[in-house]
């Protein structure tokens, strides 16, 4: 090879090297441009734009590609403003959106979080990349606490709670909180371990486990987790509910607790329990000091270690103490002694226990009781509740027979509300029987059963006898009163003779006369709208003989025809009066108005017609009310519900 050829070859090689080093316009390698991000939520429609806005003519021929593993997979073509999907996974979800080459991707899923490429060939070849970013908010986080508890003496980390956030995209971030403060990883104190699972839908399920060492002060701590995630609209977060974790620690102190709190009295439902500052509560025993031996003796409790005093009595008073045994540490703890006081009032006694006195004499009643507190006494009349006096002594002077009966002595403790005891005593006033009524009238229906009653009082308590046969029953409202009820058949003889009840005791006797009045049943006329009968009454008055008693009078019966005749007569009188006034008016003898006679045109007179209709729903016995006390008839307007139609 000659020298000229070597020189030429050298120059050619140098030119090639220089071209390669310096580059030639139009032949340099273009770097991949930064893709345009498009954010969309799962289930919505994403709009993929092919670069900046240009006239529609610039996109007469466009191709869309999916970038998958550095390969360009065609998915859509645009030619002359018309689009066509390529077969594949996007075949049925892509469409043109408006003029140009903007694609609408419907029903976005997490699998669509990819890079897309738009290639346009006019006016010059141009590539435009779009990065589709898909988001989905996770569900509300759930949290599960450790229910078995964590012992403070264990040195290794124990699981506190587990937080789960389901169906989010992309993977949310989890933050743990204790009492509102975020927890950070801390060696030998706090550890957070998170894992995620990809569901078939492409969504993520996040699981985070919080482990920690707890101390006694964490027994009331509130733990919860927070999920932080992003949406196209911005950053969001969701919090779980708060949970507490049982913290186990040994007891250091034990004490006695009594319910109810405050002053106790006999009859209360009292509960005694033992408590400690440890968790869980250890096994307890409740002991009470024996006042005789001064030794503590164990009391019987239920399965929960509760001692129930139901009802509390004065012998339940005393000194109580709790003891606890920690089975893990075998440490025995004892509480401070607690003195329980059950306030009481002993059985009330009245002296004399069965007082008896002659009418007109005086009587002194004395009430006694015992209590651990100061007492107050009150005297009441049992029958009426009337307060007779205060103090342990009740003095009754110049007693009357009405003073006989039961009295109450109430012994109470003012300092302990509701603590009182009562004693009843019956006072007997010597005397012959006295009757509730000397004479009574009872309405009866013949051949019907009737109850006759008789009441008498006295001391000694009287007995009652009847002068007629029947079934008698007795009861005693108080120790010196007796009430007898006799069930008899009303016969004509009984209506004629009546009945007598006699009360007698060792001091005398007394009688009540019962007069029977016959009640007749009256039926309304057939045109009446109702038919009413009068039932036989049972009369049992209890008014005293010296009081004014009012006997019920049955209305007298009167024929309904008399009422109708009275109405017709009154109607005729009114008609005649009206005709007379009209006659004087026509003759001009009756001035009309202040200006004298005025002409009034009346319709032609017709033959007078009187139509009288009387309607009444009154009972026959109520019709007797139409009759005055002197036998005069009342005006028709007072005779109940009726109307009169007068036609002229």
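Backbone N, Cα and C define each Cβ position, glycine as well.
Feature annotation from Swiss-Prot assigns signal peptide to 1-23.
As annotated by Swiss-Prot, domain 'Ig-like V-type 1' applies to 24-131. Taken as a whole, the domain 'Ig-like V-type 1' (24-131) shows an average pLDDT of 84 in this prediction.
Annotation comment: Swiss-Prot describes 24-560 as topological domain 'Extracellular'.
A 10 Å cutoff on Cβ-Cβ distances gives residue 50 (disulfide bond) a total of 26 other Cβ atoms nearby, all chains included. In this structure, residue 50 (disulfide bond) belongs to neither helix nor strand by DSSP; it is coil. Residues or ranges marked as disulfide bond in Swiss-Prot: 50-118 (among others).
Annotated N-linked glycosylation site per Swiss-Prot: 58 (among others), in sequence order.
Under the heading domain 'Ig-like V-type 2', Swiss-Prot lists 141-244. Counting residue by residue with DSSP, the domain 'Ig-like V-type 2' (141-244) contains 5 helix, 61 strand, 38 coil.
Residues annotated as disulfide bond in Swiss-Prot, with sequence analysis given as evidence: 163-225 (among others).
Mapped onto DSSP classes, the domain 'Ig-like C2-type 1' (246-332) shows 3 helix, 43 strand, 41 coil. Positions annotated as domain 'Ig-like C2-type 1' by Swiss-Prot: 246-332.
Annotation comment: Swiss-Prot describes 274-322 (among others) as disulfide bond. All protein chains included, residue 274 (disulfide bond) registers 25 other Cβ atoms within 10 Å of its own Cβ.
Non-local neighbours of the region 'Disordered' (282-304) in the same chain are 251, 254, 256, 272-274, 276, 318-327, 333, 337; each lies 6+ residues outside the stretch with a CB under 8 Å from one of its CB atoms. Here Swiss-Prot flags 282-304 (among others) as region 'Disordered'.
The annotation domain 'Ig-like C2-type 2' is assigned in Swiss-Prot to 337-426.
Sequence-distant neighbours of residue 409 (disulfide bond): residues of the same chain at least 6 apart with a C-beta under 8 Å from its C-beta are 348, 350, 365, 367, 377, 378, 379, 394, 422, 423, 425. Taken from Swiss-Prot, the feature disulfide bond applies to 367-409 (among others), supported by sequence analysis.
Helix, strand and coil residue tallies for the domain 'Ig-like C2-type 3' (432-512), in that order: 6 helix, 54 strand, 21 coil [DSSP]. Swiss-Prot lists 432-512 with the feature domain 'Ig-like C2-type 3'.
Feature annotation from Swiss-Prot assigns disulfide bond to 454-501 (among others). For residue 501 (disulfide bond), the same-chain residues lying six or more positions away in sequence with a CB closer than 8 A to its CB are 452, 454, 456, 464, 465, 466, 467, 484, 486, 511, 512, 514.
Annotation source Swiss-Prot lists N-linked glycosylation site at 510 (among others). Take the CB of residue 510 (N-linked glycosylation site) and look out to 10 A: across all protein chains shown you find 19 other CB atoms.
What Swiss-Prot records for 527-554 (among others) is region 'Disordered'.
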So what sits near residue 118 (disulfide bond) in its own chain, CB-to-CB under 8 Å and at least six residues off in sequence? 48, 50, 51, 62, 63, 64, 65, 101, 127, 128, 129, 130
Secondary structure tally of the domain 'Ig-like C2-type 2' (337-426) (DSSP, helix then strand then coil): 3 helix, 48 strand, 39 coil
Residue 322 (disulfide bond) to residue 225 (disulfide bond): how many Å between their Cα atoms? 42
Can you tell me how far the Cα of residue 163 (disulfide bond) sits from the Cα of residue 274 (disulfide bond), in Å? 37
Inter-residue Cα distance where the pair is residue 510 (N-linked glycosylation site) and residue 274 (disulfide bond), in Å: 70
Cβ distance under 8 Å to residue 225 (disulfide bond), same chain, sequence separation 6 or more: which residues? 141, 143, 161, 163, 174, 175, 176, 177, 208, 210, 239, 240
